[in-house]
Structures are given as C-alpha cells and as structure tokens.
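Here is what TrEMBL says about this protein:
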DOMAIN    58-98  domain 'Zinc finger Sec23/Sec24-type'
DOMAIN    121-300  domain 'Sec23/Sec24 trunk'
DOMAIN    311-414  domain 'Sec23/Sec24 beta-sandwich'
DOMAIN    428-526  domain 'Sec23/Sec24 helical'
DOMAIN    542-628  domain 'Gelsolin-like'
Amino acid sequence: MATFPEYIAQNEERDGVRFSWNVWPSSRLEATRMVVPVAALFTPLRERPDLPPIQYEPVLCSRATCRAVLNPLCQVDYRAKLWACNFCYQRNQFPPSYAGISEVNQPAELLPQFSTIEYVVQEMLGLTKPSATQARGPQTAPQPLSNRFLQPVQKIDMNLTDLLGELQRDPWPVTQGKRPLRSGVECTFPNTGARIMTFIGGPATQGPGMVVGDELKIPIRSWHDLEKDNAKFMKKATKHYESLANRASTNGHIIDIYACALDQTGLLEMKCCANYTGGYMVMADSFNTSLFKQTFQRVFTKEVQGSFKMAFAATLEVKTSREIKVSGAIGPCVSLSAKGPCVSENEIGTGGTCQWKICGLDPTTTLALYFEVVNQHNAPIPQGGRGAIQFVTQYQHSSGQRRIRVTTTARNWADAQTQIQSIAASFDQEAAAILMARLAVYRAETEEGPDVLRWLDRQLIRLCQKFGDYHKDDPNSFRFSETFSLYPQFMFHLRRSPFLQVFNNSPDESSYYRHQFNRQDLTQALIMIQPVLYAYSFNGPPEPVLLDSSSILPDRILLMDTFFQILIYHGETVAQWRKAGYQEMPEYENFRHLLQAPVDDAQELLHTRFPMPRYIDTEHGGSQARFLLSKVNPSQTHNNMYAWGQESGAPILTDDVSLQVFMDHLKKLAVSSAA
C-alpha cells in the first residue's frame with residue numbers, strides 16, 4: 001500500500017489532479033467542519049508523452065442528464081455486452097464495434113492505467129470519416145487549411161493582379177478623417193480557435209476604453225485613488241473591456257496582452273480580456289528588452305510532433321457521483337451556464353454551472369474546482385463506498401484536430417466521527433494552501449484587503465482547532481501532525497505576498513501577479529507564495545535553506561526563485577573576494593566554480609519558465625538586495641539583533657512580525673477557551 005504522499009504524486013503524474021482531501025467526509029455537516037473545502041487543482045492538458053490519442057469516439061452513457069464517458073470505474077458485464085455507468089447507475093449497451101471485448105480483451109478506456117485518456121473526434125462539420133472516403137474510391141490528398149489563404153507568388157501572380165484591379169471601395173459609410181470600423185476575426189471565425197495578440201506601449205487615452213486623460217499633468221490612477229473612489233475612468237473602461245472579453249470568449253477567441261512601458265498601461269481595466277479568454281498577460285519595461293523577446297518566443301514553443309503547445313476553444317465539463325456537487329471554478333475560464341444534477345446551489349468563484357469555456361489552454365494551465373458534499377448526516381454511505389468525479393475537456397488541438405480528454409478519478413468516503421484520523425492523514429497541505437490562496441485572491445478582487453486577511457486568519461485558526469493536538473489554554477502543548485505542519489507557514493507567506501498586499505505595487509502590477517497565480521500549476525504557485533532559497537558555500541554541495549534572515553551569511557551565495565524573479569545574492573565576504581578578483585587567480589579556481597554554480601542553475605530556470613523571470617545579480621549592501629530582504633522571514637530585525645548574543649544572520653529593518661511570533665500567536669488563539 002503506497003503512502004499518501006506517494007499516492008498523491010502518482011495521481012498528479014497520471015491525471016493532473018491534486019485534491020485538498022484524499023479521503024472525503026461522508027456528510028455535508030462534517031465536510032463544513034473540515035474548514036478547507038473538498039476541492040481540486042486540475043491541469044486539463046498536463047503533458048503525458050505516454051498517452052497517444054485514440055482514433056475513435058468515446059462511448060457515452062445513454063441517460064440524457066448524465067452522458068458520462070465509459071471509464072475504468074464502470075462495472076462491465078462482458079457476457080451480456082453491457083456496462084453500468086458509475087455516476088447514474090444506468091445500464092448501457094456497448095456499440096457494435098465493441099462486440100469482441102472480454103475480460104482478456106479490454107479497450108483502453110477500461111484499463112486502470114488509462115484513468116486519463118484522449119480521443120480524436122472523427123467526425124466534424126465539413127469532415128468525413130476515413131471509411132466514407134474509402135467507399136467513394138481514391139481521392140486527392142486533402143490540402144492544408146493554410147492553402148486557402150497562402151500561395152507562392154509565382155503561382156498566383158496574374159490572379160492577384162486581376163483581383164487588385166477589380167477591388168472596389170467598401171460601401172459602408174466612414175466619417176471623413178476616421179478609420180473604418182472592423183471586427184474581422186469575430187465575423188470570419190466565430191466558434192473557431194483564434195489568438196488576438198495586443199502589444200500595448202501605453203495607456204488608452206481616448207474612446208470608451210480610456211484609462212487616463214491626455215493631459216500629462218494628471219497621472220494614471222493608483223491604489224490610493226481607487227480607495228478614495230477617485231479613478232473617474234476606471235468603471236466605464238472596465239465595463240468596456242469586459243464586454244469585449246465576453247464577445248471574444250463567446251467566439252472562442254484568445255486575447256493576449258503584451259504590455260511594455262515604464263509606467264502603467266491599464267492592465268487593471270483590461271485584465272478581464274486575458275482572464276476570461278485564457279490569454280497570456282506579459283508585463284515588461286520595453287519591447288526591445290531580451291526579457292520580452294525571449295518570453296514572446298516561448299509563446300510559440302512546439303512539442304515533439306511539431307505542433308504548437310497551445311489549445312483553442314476548449315470546454316471543461318465536470319460530472320460527479322450523487323453524494324457530491326460542483327460549486328464553481330477559479331481560473332482562466334467563463335461559465336457556460338449549464339445547469340445539471342451535479343451543480344451546487346452554493347457558488348464559489350465562477351459557479352452555477354458544470355461546464356466552463358476555456359478559450360486558451362497550454363500544458364500548465366490549471367483550474368481550481370470546488371465541490372460540496374451534499375449527502376445528509378442521517379444517510380450513511382456504505383462502508384468502502386467511493387465518490388467519483390469525471391473531467392471532460394473538449395478542445396481544438398493546434399494541428400486543427402478536435403480532441404476530447406477524459407479524466408476519471410475517485411476517492412474513498414469516511415465517517416468523520418469514527419475515522420477522523422484517516423481523513424486527516426489524507427490532507428494534501430500543498431494543494432490546500434493553493435486552493436485557499438485562490439479563494440483569497442478571488443475575494444481580494446471585490447473585498448477590502450484587511451477583510452480578506454481576517455477571513456484567511458479565521459480559517460487557519462479553525463483548522464488548527466479542528467486538527468491540532470493540544471490542552472485547552474496551554475499554547476506550549478499545541479502539536480500539528482506532519483500532514484498539516486507546513487500549512488501555517490504557507491499562510492504566513494501568503495499574507496505577505498503581492499497577491500494580497502498591494503503596498504509598493506501599482507494596480508497594474510497587482511493585476512499581473514494575480515493573473516499569473518490563477519493560471520499556474522501547483523509547483524509554480526507554491527514558489528510564488530513561498531519562494532525557494534538555495535545556498536552555495538565551500539562547506540558542501542548546494543542545498544535548500546530556510547526562507548529566513550538567518551540563512552543570509554557572509555560566506556554564502558544565495559539563489560532565490562520567486563517565479564517572477566531569479567535572484568543571486570553574494571554574502572558580504574564573498575562579495576569582497578569577488579571585488580578583489582580572486583576568481584581570476586589560478587590558485588582560487590574553486591572560488592570561480594562557486595561563483596559560477598548559481599549562475600548555471602539560474603540559467604536552467606530562465607530557459608524553462610514562461611513568462612521569463614527577471615534576472616537579478618546583487619550582493620550584501622546592494623540596492624537590489626531589497627528583493628531578497630523583503631521575502632525572507634524576518635527572524636532577526638533591528639529590534640532583536642543584539643538579543644541573540646552572536647551574529648548568525650542579517651538583521652532585517654522591518655516592523656513585520658516573524659514566522660515564530662505568528663506561530664506563537666496562532667497557537668495561543670487555537671487553544672483559547674474563548675475562541
């Protein structure tokens with residue numbers, strides 16, 4: 001029997017799913033007492049080189065309100081050629097093409113290792129099945145779609161000259177001195193994958209989308225203006241961009257925003273264009289920087305087969321067993337308002353539906369899906385019962401094929417009154433932290449910052465009270481099991497992150513950070529919340545160290561990855577050696593290798609990440625060392641640096657509380673009788 005961490009890793013690798021709980025409480029009442037909801041991080045197009053698409057149609061349940069796809073959890077009667085849907089229990093006849101199936105001759109979709117499977121849709125409007133082509137005899141090879149629009153000049157030179165001569169002015173009236181109005185993509189390619197790339201070098205100063213006036217003396221809105229309700233263009237512009245985003249998402253068109261300027265460009269108002277359509281949002285100082293150029297090149301990354309790593313016009317449908325319903329999704333999607341028996345009345349994020357449209361997908365696009373256990377407390381689930389969820393993603397592959405990827409997963413039910421230890425052991429603290437963080441970021445869009453932090457703190461205190469081991473009113477007795485031990489520090493760093501703290505960030509920067517957080521997978525999202533810190537020294541090989549001021553030592557080099565920045569920090573002694581040029585001397589070759597090691601590791605990160613992070617090389621006392629000092633836990637500050645008795649790290653000039661103070665206060669509140 002695999003341990004829960006191994007089980008969680010296997011499921012993520014195979015299905016691209018991480019649940020907050022991997023054993024589910026069997027009643028609505030008990031589920032609400034768990035504090036963290038039953039929820040999942042789902043990456044629809046997680047890369048699976050071992051998963052070739054299957055060249056036939058999926059088999060669907062015959063019940064109109066279900067239409068679930070045949071999967072390994074279904075019960076099969078091989079003699080009668082029947083299968084029972086594991087969601088609605090409908091008995092279905094296999095299609096004639098499955099006549100030869102048996103216990104030893106099973107189709108791929110019934111094999112346990114294919115809980116995720118991908119089908120290529122064989123018949124679409126304008127396309128015919130291969131068999132139909134063969135019946136009509138030999139046909140000429142189909143021409144690529146691009147041939148309708150692109151031909152060699154020498155082939156069509158005469159035709160082009162004739163066409164240009166025949167061109168007439170568009171009869172639509174155009175005001176003198178104005179350009180004609182167009183919406184070409186919307187008219188010519190409705191409901192077809194398309195990508196609109198917008199390159200923005202400054203804020204809009206005219207029209208319904210203007211975010212600032214044309215007078216230079218009036219600056220673009222700041223957080224202070226928004227708090228004072230002093231941003232006169234914001235509401236109208238946001239409404240305009242939302243209407244554009246809705247039109248684009250209805251047609252399945254992606255809107256990318258590439259904003260390059262030294263000041264704000266209006267991302268706060270325009271963010272819905274990328275957020276609703278699954279588009280990319282990139283922010284840089286200039287279009288001429290290598291940072292932007294390399295980021296833009298990565299948009300067109302190709303897979304091994306030569307197709308772009310992008311998918312278009314996708315829909316995600318969620319099907320659930322009867323005891324659980326879907327409350328909503330948070331991520332780059334819009335609702336398709338599809339009501340059904342598995343839709344919960346309690347909405348979280350984009351809710352009230354079991355289907356979402358995702359106009360743009362890539363292999364890392366990840367949605368947070370929230371569920372509600374609806375089984376009543378007085379209606380126990382039989383021992384050994386399992387709750388099942390099926391994710392059906394239909395999308396247009398970059399090769400033009402229409403594909404369907406189906407992921408079916410199940411988890412055990414447990415009675416929280418008698419099996420609370422089993423439920424607690426199944427807690428995935430990393431997934432739970434990201435799922436709660438997405439909820440907090442979603443609330444931060446419409447609520448006051450301090451209110452969101454108070455909500456987050458209340459949830460953390462309740463979780464400690466529910467799953468901590470302690471004596472009443474004795475903070476020193478508080479203990480958290482290993483499965484919960486990292487969760488409080490994730491919350492500590494989340495509270496300090498740019499996703500919830502807008503101080504020192506412009507509204508555009510906050511919108512950019514939140515956009516990236518709401519679309520990245522679990523690994524990248526964790527790095528955003530709690531950056532990774534590696535230490536390089538003569539004492540041994542590179543090692544991960546605590547994100548703490550005590551890790552900043554004079555004889556160390558630190559590499560910090562915040563997702564948005566890759567920072568190399570040279571300690572005071574190392575910086576002095578470097579300035580003295582020791583690395584140039586043959587007898588100090590080991591020092592040259594020490595300086596080079598973090599640079600090599602940083603390059604590896606820079607080559608794989610999208611968008612490309614900013615690269616910072618700094619040292620003790622350097623102006624850009626502030627990026628490191630603002631992220632580490634301030635265990636040593638100017639207030640307590642002399643109380644330590646010895647120098648064991650760099651003091652941070654801050655009034656922020658340290659993780660230790662935060663934890664002590666948390667324990668005190670969790671064990672309090674008055675709580």
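In case you wondered, yes, glycine gets a Cβ from its N, Cα and C as well.
Just going by CB pairs under 8 A, the stretch in 121-300, 311-414, 428-526, 542-628 that sits most against the domain 'Zinc finger Sec23/Sec24-type' (58-98) is 311-414.
Here the domain 'Zinc finger Sec23/Sec24-type' (58-98) has, by DSSP, the following mix of helix, strand and coil residues: 3 helix, 11 strand, 27 coil. When DSSP labels each residue, the domain 'Sec23/Sec24 helical' (428-526) comes out as 61 helix, 9 strand, 29 coil, counted as helix, strand and coil in that order. Residues in the domain 'Sec23/Sec24 beta-sandwich' (311-414) partition by DSSP class (helix H, G, I; strand E, B; coil) as 0 helix, 61 strand, 43 coil.
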